[in-house]
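K.L.:
According to TrEMBL:
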{"type": "DISULFID", "residues": "A:Cys63-A:Cys72", "note": "disulfide bond"}
{"type": "DOMAIN", "residues": "A:37-73", "note": "domain 'EGF-like'"}
{"type": "DOMAIN", "residues": "A:79-161", "note": "domain 'Kringle'"}
{"type": "DOMAIN", "residues": "A:180-428", "note": "domain 'Peptidase S1'"}
{"type": "SIGNAL", "residues": "A:1-17", "note": "signal peptide"}
Amino acid sequence: MRLLILISLTLGALVTSQESALTRQRLHKLRSKYKSGHPDCNCLNGGTCISYQLFSQINRCLCPKGYDGEHCEIDTESQCYKEDGQDYRGTVSKNEENEECLSWDSPSLSRWPYNAGLRNSLQLGLGKHNYCRNPNGRSKPWCYIKKGYRTLPTVCDIQQCHREIDSTCGQRSFSKYFKIVSGSIAAIESQPWIATIFYYSKRTEKNVFVCGGSLIDPCWVLTAAHCFSARGTDSSDYRVFLGKSKLDATDDKEQTFQVEQIITHEGYMEENTGSYNNDIALMRIKSASGHCAAESDYVKTICLPAENLVMRDNTQCEVSGYGKENNLDLYYSKILKTANVNLISQSLCRDEYYDPNKVNDNMVCAGGVQWKTDSCKGDSGGPLICEHNGRMSLYGIVSWGEGCAKENRPGVYTRVTRYLSWIDSNIRRVHFKSRGPPK
Amino acid sequence: MESVWGGVLLAALLSQAAALRCYSCDGDRSCLETEDCREEQGWCRTTSLTMIARSRSAERIQKGCEMEGKPNNSVSFFSHGQIVLLAEEHCATDLCNQRAPNGLGSFSSVTYLECLSCSASDHSCSSPSMQRIRCLDPQEQCVDITAISMPEKFPQDERRIKGCGQISRCQEPLGFHTQDSFYLLQCCNSSLCNNDTRDYQESPLPLNGVTCYACEGNSSHGCAPENITPLQCQGPMTHCIEAVGSHELAGPGAMLKGCASPAWCNAPYVSIYKGLSGVQARCCHGNFCNSWIQEGFLPPARRSWAGHRLVAQPALLYSTILLAALVLPPSHS
């Protein structure tokens with residue numbers, strides 16, 4: 001039986017190596033985009049890069065507590081693996097027979113399909129260590145061991161996690177699916193991370209609705225950069241509401257905030273260039289009493305996606321907002337709505353529905369079944385959320401689209417996974433554990 | 001005619017042969033890649049970063065071509081509970097940077113100097129009870145390295161390190177500052193002597209009475225006449241300095257003026273900290289004496305103070321010759 005497992009592991013390794021070669025290239029490309037003139041250590045998990053000018057700018061990552069490794073890629077506190085363990089970055093290094101794993105950079109592995117010498121070894125979690133990993137989508141983390149003269153892959157002695165307990169992001173107290181365009185009402189409890197951004201007119205002393213947003217941290221709302229192109233980025237001009245069910249009514253569930261800081265992406269171009277590239281912005285919020293958001297049934301954070309998360313095409317996700325129910329409507333919807341949309345393949349969206357000048361890899365497209373649901377004007381900045389590992393992750397930010405729910409014209413969203421470093425560096429939280437829940 | 005081509009070929013071959021070849025890589029000790037150096041790069045470099053924690057150690061080695069004149073330095077210190085060893089070595093022959101600097105030194109039973117150790121990245125340099133580190137090499141001294149630049153070009157730079165080390169030319173304090181940056185490299189040779197706890201950013205050194213011009217940039221940006229401001233010099237920085245060179249990003253014509261310690265004037269640290277190559281630097285003593293460099297180049301040095309006009313005459317002569325060469329058409333064409 002064990003032999004069978006071993007054979008299937010090896011076979012699996014051979015079969016999947018081709019596929020991973022593709023993702024490898026893609027990830028490689030993705031990374032190089034962040035490379036600029038200054039030294040970059042590529043620190044993960046909120047690690048800080050420090051360099052030494054006196055020594056030709058050689059640099060190293062300073063890892064937050066609980067992380068280790070040259071790129072802070074090793075999670076020293078991880079006790080178990082989730083799903084199939086592809087994201088496992090813990091430190092178990094023994095197989096089920098208590099035999100010590102071979103280090104992934106061991107010379108005897110150089111001709112095996114998985115070793116530390118692979119170009120995408122960092123993405124796969126392989127490096128100068130012998131910790132169990134699952135780089136090829138097997139059922140659980142594994143490693144190579146040496147048996148006499150033979151090298152064999154074996155399954156590791158790690159438990160699967162029961163369920164995450166330490167974080168509250170991406171979990172709603174109540175969930176139900178509704179629609180925005182041709183849709184019905186969503187209770188705020190089903191989208192407790194949604195933020196509403198208002199422009200506060202000092203002249204009329206009235207709030208004018210601007211955009212939606214998502215609470216990614218008690219102090220930070222993520223939204224679209226284009227939300228500020230009409231009225232500027234003076235933070236004193238804006239107000240943010242959380243836990244708000246109706247646009248035109250206040251109740252005791254909602255929390256009101258002033259804005260301390262607005263950071264729009266430096267690479268965002270104004271619309272008149274015809275491109276919505278880098279349509280992303282951060283807002284730091286603070287209440288009149290100086291506090292950030294307080295968690296309740298109506299106010300919760302949404303998880304940021306894992307750095308390398310690429311959801312499959314046609315995955316069903318949700319978009320929500322207070323936008324128009326029809327592009328031609330005069331008024332915004334007064335009530336929060338949610339719609340189901342399916343992710344659309346990048347090439348289809350770029351080449352068939354739009355054109356490569358407009359859609360790039362910083363964007364992700366989604367549309368409703370038979371084009372009946374979509375985000376629309378006024379939903380901008382709001383969340384496109386997808387379920388991953390049993391919780392909701394912020395996969396996209398409502399950005400643009402031609403018309404609303406129009407055939408062959410899907411909604412286009414800012415692809416959040418491309419901006420995790422940007423978010424990280426702007427929030428400057430050293431301890432941004434697993435890019436997940438705020439503590 | 002053939003002999004002329006032969007000569008050209010020979011010259012080409014010679015210049016080929018003159019290009020230095022170095023190992024070039026970023027990773028571990030198993031480095032096989034090589035590169036051909038550019039004309040101005042006369043040395044090969046090896047930089048190593050080793051981190052030693054309780055259970056494991058990690059090493060990073062960088063190799064490549066380098067400009068001549070950089071010092072061989074090393075330093076070891078505590079940071080976040082790990083020992084960090086940094087070392088850089090240079091050599092001048094083909095593929096001479098094969099060996100990595102042995103950051104660990106020789107582990108012998110002889111005990112060497114003991115120094116205070118801290119690093120800014122874990123905020124331990126402001127701590128009253130600093131860790132102690134035992135030097136691993138008899139050549140090592142106690143060192144105290146400060147490098148602050150504002151606005152922070154590299155906000156992630158380590159601003160202060162104390163530990164053991166070998167810093168070239170640091171018998172005298174090596175210091176330089178402008179309004180925006182401050183560098184001070186100090187060495188001393190007795191047990192725990194690197195005990196200066198002053199935070200140079202929070203409480204600057206006392207002024208020494210010298211005033212220099214200060215600026216950083218080039219003649220149109222940063223060091224334009226309106227950017228050049230008077231600067232009161234601190235501590236051991238009793239000389240005015242001005243330098244021009246080629247910046248790694250901004251290109252040639254990069255300028256720098258400020259206060260420097262006498263030792264700094266002859267040391268290569270301007271190019272290291274400011275990313276300049278082909279540096280021509282000039283130090284002088286006296287208020288506002290660093291006003292020679294204005295248009296991004298250092299005028300030819302005067303031979304004597306009396307010869308002020310004599311300098312102008314050869315210059316006139318040369319330009320006449322140059323003009324004549326340009327105006328007179330080549331006779332063979």
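Glycine is treated like the rest: Cβ placed from N, Cα and C.
Any TrEMBL annotation is an automated prediction that lacks curation.
I'd like to know what surrounds each of these features in this structure.
P.N.:
Around the Cβ of A:Cys72 (disulfide bond), a 10 Å sphere holds 23 further Cβ atoms from the protein chains shown.
With helix defined as DSSP H, G or I and strand as E or B, the domain 'Kringle' (A:79-161) counts 7 helix, 21 strand, 55 coil.
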K.L.:
Per DSSP, A:Cys63 (disulfide bond) is which: helix, strand or coil?
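P.N.:
Looking at the DSSP assignment, A:Cys63 (disulfide bond) belongs to neither helix nor strand, so coil.
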K.L.:
With every protein chain in view, how many other Cβ atoms are within 10 Å of the Cβ of A:Cys63 (disulfide bond)?
P.N.:
23
